[in-house]
Amino acid sequence: MEWFIIPISLFTKNINYTLPSVLATLPIYVFAVMMLYRCVTVRGTFSAIMVNRKVLTITLINILAQLVMIIYSYNVTNQPENTSGLSTGPVNVFLFFGNIFFVYYFMSVIIKDDASALNFTKSILITLFVFSVLVLIPQAIATVSRKTDMWVNLMGRLFEVEHTNRGDFYWVGSYTTTMRRINGFSSEAAYFSAQIGIVFIPFILAAIKNHFDYFKNARVRYVWKYLGLLLFLFLILLLAKTSTGILVIIIALLCLFVSAPKEYRRIYFVIGIVGLVLLAGLYQFVPYVHALLTKYLFAKQGTGNRVGGTIGLFKTFLHYPLFGAGQGYLSYYIFKFVPHATTLNGEFHFNFLKTGYPALSIWGMIFASFGLTGVVPLFIYLYNKIKLAWRIKKQAITSQLSNAIFYNTIVDSFYFTLVLFSVIAFFTFSWGDEIYLIIFFFYIVMLKRASKELNLER
């Protein structure tokens, strides 16, 4: 079953716009069937699922806090149409937390041993290869030519997530053929870039760092195929033509440089300098590159809204620091606290004033929605997992276990994922997609398993 989790997670197109977002896409239903099948066919699966009392208590406190703030925010807002509503809002809260528990236990049940964990990591790379052949390469061609437009439009109509109220993104047939930017199956290029950076690149970086081949389950001398795959993804991210893609490339390169042995750092440093000089030359003398970087990096029209919205979110947190303002009820507060100087643009007046001000920073949204009641336990949990990962890494270096190098590679991938997510989350992407929870809880399950194998459990 572990082979199919990541491929299924890519299909996030809404199947029903009237359902809450958690229930509006295909993966949750497929995973529920897989979970039920495993519980029915493997005796003792359901009884082995244990609920941590401390985690459950903190979750119930957060749910209660959210319900209180939802009622309060709904009563003070002058834009009830731009909220989740007084009936749907509480349902979304229960589904949000319920989905987190479900995905954790789902991954705990499916990733039952090292073999299934290794199969899962292989499936990530195989999925990336198939996805590249069927979707990304045709989309890359479509950014400079119309030869693959028919195929790209077909894939778009079948599987592409679409922004509501933004028909201008898809009027030619799909996002790629309209905007001439790569977006995979995501609703826009920035969300796709975040997906590549958080889901796929960390495993590749970890393989390069440890000279580990997932398909051989062993350390290898050369990792050319992983380096080649990384360069391919960098090219794809460049053709996504978004500042998020550029940011992912920069952070990935920094991770590669910092984690590399000293002798490799010199090589990477020289390559980086040569690359910067080459890029500067292309920007100066090649009109296409100059126009590309100017339009999508140096002169982005949405920068003011992004900055203003982020300021509005953190001001909301400062006004409601304990419980936040409630998930799905932030638009009113962003309008209230956004600096006026950042609203002097067409997107604000022609889109946001009509449809509501979206949360343009994931970190800002988390702080503003949940307050310290939600943020502090989250950070403590992550801190403890980072400490555990460090202990696993130290123990794995001297361990005689056959899978010690695999554990070490997964820990590095976990670190890379946290770094990339932490930076990208200052901007916005579809963080509610199942694929992000799947990846995160894969790491959590593996940390628990590795600590047990290395006798690190308290």
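Using N, Cα and C of the backbone, Cβ positions are placed for all residues, glycine too.
Heads up, TrEMBL stuff is auto-annotated, nobody curated it.
Listed in TrEMBL:
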type     : residues : note
TRANSMEM : 15-34    : transmembrane segment
TRANSMEM : 55-74    : transmembrane segment
TRANSMEM : 94-111   : transmembrane segment
TRANSMEM : 123-141  : transmembrane segment
TRANSMEM : 189-208  : transmembrane segment
TRANSMEM : 220-238  : transmembrane segment
TRANSMEM : 244-260  : transmembrane segment
TRANSMEM : 267-286  : transmembrane segment
TRANSMEM : 360-383  : transmembrane segment
TRANSMEM : 404-429  : transmembrane segment
TRANSMEM : 435-451  : transmembrane segment
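Within the chain, the transmembrane segment (15-34) has long-range Cβ neighbours (under 8 A, six or more residues past its boundaries) at 1, 4-5, 8-9, 88, 91-92, 95-96, 98-99, 102-103, 106, 110, 164, 432-435. Tallying C-beta pairs under 8 angstroms between the transmembrane segment (404-429) and each of 189-208, 267-286, 360-383 places 189-208 first. Stretch with the most C-beta contacts under 8 angstroms to the transmembrane segment (244-260), considering only 220-238, 360-383, 435-451: 220-238. Counting residues 6+ beyond its ends, the transmembrane segment (267-286) has Cβ neighbours under 8 Å at 253, 256-257, 260, 293 in the same chain.
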